[in-house]
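Step one of this worksheet: look at the structure below.
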């Protein structure tokens, strides 16, 4: 291809620039061969002339097309050269904020100097399992590639991280190790991955320091080998260190610091445990203040020390060792402050009592005298004698610093050794991945021995890198079978030979170190003489004789020879070392023990764990020959470096090159000069050069055909894509050397892809112009036709409008006339009706008023008459009683006086003779008087006889019967006499009752006084309440008006609050469910891990391996006893194998299981509380309202209860009267059947009937009270606009609430007053009835006594006895009438009434109890009848069996009803579980039988165990079922059909337990027959929870199973596959090929996903899964699809384009169509795809103006700010016609989204599982109709 074809007008090139290194320019004129210069225009519009080199005539580098800028892989660029690489890195770093870029096999990492959120666990999960080329560049991708190759190729891997100080090497290595720790995990209880990560803060504290280039620069190299077992899980690690910078301990340059650990100790010196170290501020010590920068911005050294100490503890270094380490470090600081002064020119001294030296000696446990002596003196040995030589101050100071460096180096090695011990494991290492964190190529103004060793190591690494890259290129060409020639690349073997070969620089340095008087100058002269003329890579500076220059692969470096020999020898005073070895400080002695082993270079890498020991000093007793053979630092470094190279060569290397973008640590600031310098030094440009020398661009035939189909004609397209590509390329590119055809790919030279892209763009541009022309013509004609049609339409509508207006006016005129007529008529009629209604209302009101007045007047007159009647009667009775008493008293007094006088006269007359005469005379008078009295009595007797005759006539029939029973009564007489004795005791009891009655009367009097006071208070309160009522009415009106004004606002506010609260509660509930279900998952994982460990223990125990038959039999033993037996067996096995395995992990797991179970129970309780919280919140206000109303009605309730209690007592008294009457009747005349007895019974029955009537009245009164209360409540609820809660919410404050409450209370009190008035009237009636009853009772008693006595007397005495009894009765009545108290009578009646009420209430309770018991009796009798029906039939009594002969008669058996139960024997339980669960094949059951058949069978067996009340059987059956399901899921948990089948059956079993539990909430949907099948003996609520947890575990297993199936399909089907062919073209790719987006055989498409979803759905439907559960599963499926697709979109730059957005939206529409077909649109699955839909829309919308930004912010509500910005940064045009998103637009988006409160997480959590619920779904299937097929092998089950 000629240059004129590429260097044409508008072609862009790169030209050198002093500031920016390379600057872009555009040709303004075509270049022709022979032109001496190019006419260019810079990007700022400046025109320049670029002259070509007249010798080379090399043209400037061409610039890549814009669509290739920002590629993930630099090898994908068409033009591979330095400016293209630099520009691509800059665009990705500055514009897209991408710090990682591939360069072939190298990952280039640019330090952003800013914390980025791209290293979280979600990112690790996203890269886990992915191909390296399928995701955007990342350190995790390199780590995943190494991990995958280790597992796939069975070959050890290495990750080589290099770069200069500050480039981010340590951080990159740390993230790689974190990836391995997260992905692989560990197999031991020690959590080795955590220990590996914990070693980082320790090594950073003791090996990192602040430099001018980096705040956390690693001052040593390290190689960490992470070991893996056969399952590729971390089992241990080992660390090797290289070339610690010891000089930093004693010296730091400006703006630098010593190692971090010193500053951490100084910052923590205030802690009590550090008081003994005698530390202070870092500025007080020489070794920490030289850099004058003791503080790092943003770093808290105190917290860092705490982190370091925690890491020490995690790695097993206890507190005592830690304090020992800190003690040694503090001693080093104090040693640096020891001041050495001149004594004379050749000697020095330390002033006595130097406090720092004293502190040093105390800390290290040595004597002050010895240390001060050997700090200023040195011992010299000759062949015969030993001399002690004084040291000048400078040498003594150097010796002090050398000692400090040596101590720190020993301490560093000791820490590394113990870290390695903590990371070592006893498990055999299968493979390892090494992470090399080593210094990059360094060049400073002054370069010394350290820089020489570093650059030497980088020379070796670069050689290994070049060979590896060349090898990969050669393998690729040979694989594709294309001819290739040897690529010329830089070989740095000569430079390596210059350094390490025989007589090389290191050999000459070691030789000079052995010379007695060797010096740096003599060594430099040897170098000049040996290499200056023989090696072109070695040069001598012009102006110096103590330096040399080496041409390294990256640059020339000048080294100063000063200090080389001293640093190579690494000398230290042996006498000082001996003093330290004699220390009393054990840790210090441990540091210096075994000096020979510490310095030995043989065996492994020097030191434990392969570390390089830099401080080398022989022991005191070693001889001269051993001193001569001591290895120098250079020799040790060369040996350790060679071992490192051998290790790397034995592994597969992966390269990470860290770049420092600027020297000022500015975030996302790019310095081209520094970047180019590092790119040259790290070998990235060498990789580019090697790639560019061959065929860097590589396309598969399918990708080439898809991309450049537009350059082909229809006739060129053949069925063979390979042949088509050959034909097209031969036409498009004439030079066949520019490409080669391989087996599967086409290889292009550099620049050919750009040429093809130019042809493609030109072809598309021509097509676009033609399309634009056609479209514009069509739009113009369409616009004209639209205008013409619009004009005609406007005319038509205007004319029509005018006509309609005229017609409308005419209609309106006519209508107005009609309206006026009817309106006037309506107004007149309305006015008349209003007047008529007003007159009627006035008449009604007036008449009602008059009627009420008349009624009130009549009521008052009636009440006055009653009051007058009662008062007059009371006054008359009182006057009569007083008169009667007075008359009787006067008669008594007068008669007494006359009697006394008569007595006196009679005494006088008796003494005289005349006495007898008078006596006779008096007798005659007396006889006459007696005669008159007899006549009077005869009259009375006749009347009495008439009465007695009537009585005797009525009792004639009884007398005959009584005579016959006289003998019996005489026998009874004795009993009566005995009972007479009881009369005395009864009289005593009567006296007691009278006393109690008197006390009761007193109490009653007190209560009456209190009641009177209460009435007065109530009347006063009523009057006050009336006044308050008036004021409250006014306030009520005001409040009603205010409430009406605020009701709408408050209602809306409450509605919003309720909605928010509901949403919050639902969110909290889902979170709690999610936490609970996550705990279940963790619990299941720990159980599985525990089972694995137990199995491992059983396997490791010799002689105890089970056979298959034993194992299979044990699998079905799942009772509690078997579980405990297994635990005991496991514990015994663990004791036997304690030597091979640590059982502490098992104990920890058991403890953890217990804690998780407790936490699970607490979370379950909390979940239940959260579920009830919303209902309690709603019901709380109603309860408070009911309490308030209950308080108001409390008084009425108490009164009613008193009445009922009194009624009960009265009823009890009536029963006692009956019993006493019966007892007394047995004594004589009052016997049953007598007339008197009948009369008494009739009276008693009448009284009882009256009491029953009063009882009914009481019940009616109670019902009226209840109805009134309900009516009041109903009235309040109906009149108010909302519920009580809303009423309360309408009130502004507590005062309004109080006023409303008081008003309600007043109303209740008025009702109470009316109720009391009615009750008092009722009480008076009851009291009158009680008085009448009492009189009847007493009259009956007297009549009984009278009859009994009359019957016992002779007939002649009966008349006199009757008269006497009558007189006694009348006298007693008079006396009682005088002593009667009306108040006491009323109280007695009240007591009787209360007793009646109590009796009634008790009777009601007994009636309810009897009805309940009768109902239960009917149920049990029915069950007993059903059970006994089958047993009694066909059975005979024993007598019949003996007496009657048995004849062989065929007796027909009546068919029993099947009760829906299955019976089995206990020994058949294992067989049941085995056949029904363990060996059941879901496919056959799901196809041929009813869904959920195993669940129904298990429940029917459980029903029988419950029926027979066998708790052990119930427990073992449920336990066996649960454990068997877990077993089958553990065995076949990856089979979707099995998991779905048992999820369906577990849910059905759970529903059966609920449906037949007997709870009313679950029985509402049952049939009558199903309700009869409920469980009767056991409450299985706890087991329902266990089975619910099992269902949750199965659901999560189902989701994981589906995820494993869908995961490989999602990215290919949703992103990579072109569902709409031809929409998106394939861009050029680099060395790391991505998965092809073309649908090849074996790749997944969207149809594959849809088919798989349909298979899932049909399987679940076939298994009878609940529809609600299917919806939840589908929702989870769509969430996984959306989350995985979006995460890959956010991590793949090549997928963020306009055409890919169209593909995604089309794929989403297909998923929605699938939901529609299945009727699942309302399950919430579509909403889970919303983030993906918005991301696809974001790819397609315009992204230029502020309006576009506003539209994006309002559209992308489901995406986070980080996700939106990430998509915009990754947006990549596929064609040149698309535009990139500007940085300013992205900044605008970030500004607008700044106020969003959201998670900063970039990726969606693909492991998130929505909390699952199992809504109750009762079955309509009757258990008795279920038939068990024979295929299940359950013949041992018996139908019951």
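Just so you know, glycine gets a Cβ as well, placed from its N, Cα and C.
Per TrEMBL, the feature domain 'Myosin N-terminal SH3-like' maps to 8-60.
Annotation source TrEMBL lists domain 'Myosin motor' at 69-761. Confidence in the domain 'Myosin motor' (69-761), given as mean pLDDT, stands at 83.
Here residue 168 (ATP binding site) comes close to 109, 111, 658, 660: these same-chain residues lie at least six apart in sequence, with C-beta atoms under 8 angstroms from its C-beta. What TrEMBL lists as ATP binding site is 163, 164, 165, 166, 167, 168, 169, 170.
The annotation region 'Disordered' is assigned in TrEMBL to 598-631 (among others).
Among the features that TrEMBL reports, compositional bias 'Basic and acidic residues' is placed at 616-626.
Taken from TrEMBL, the feature coiled coil applies to 913-1096 (among others).
Sequence annotations record features per position, and here TrEMBL assigns region 'Disordered' to 1098-1121 (among others).
Feature annotation from TrEMBL assigns coiled coil to 1146-1261 (among others).
Among the features that TrEMBL reports, coiled coil is placed at 1319-1423 (among others).
Most Cβ neighbours within 10 Å among the binding-site residues 165, 170: this distinction goes to 170.
There are 26 other Cβ atoms within 10 Å of the Cβ belonging to residue 167 (ATP binding site). Take the binding-site residues 163, 166: by the count of other Cβ atoms within 10 Å of each Cβ, the lowest one is 166. Cβ proximity to the ATP site centre (mean Cβ of 163, 164, 165, 166, 167, 168, 169, 170, cutoff 8 Å) flags the following additional same-chain residues: 111, 214, 217, 218, 440, 658, 660. Non-local contacts of residue 164 (ATP binding site) by the CB criterion (under 8 A, 6+ apart in sequence, same chain) comprise 213, 439, 440, 441, 442, 658, 660, 678, 681. Around residue 169 (ATP binding site), taking its Cβ as the centre, 27 other Cβ atoms fall within 10 Å, counting all chains. Per DSSP, the secondary structure of the domain 'Myosin N-terminal SH3-like' (8-60) breaks down as 0 helix, 24 strand, 29 coil.
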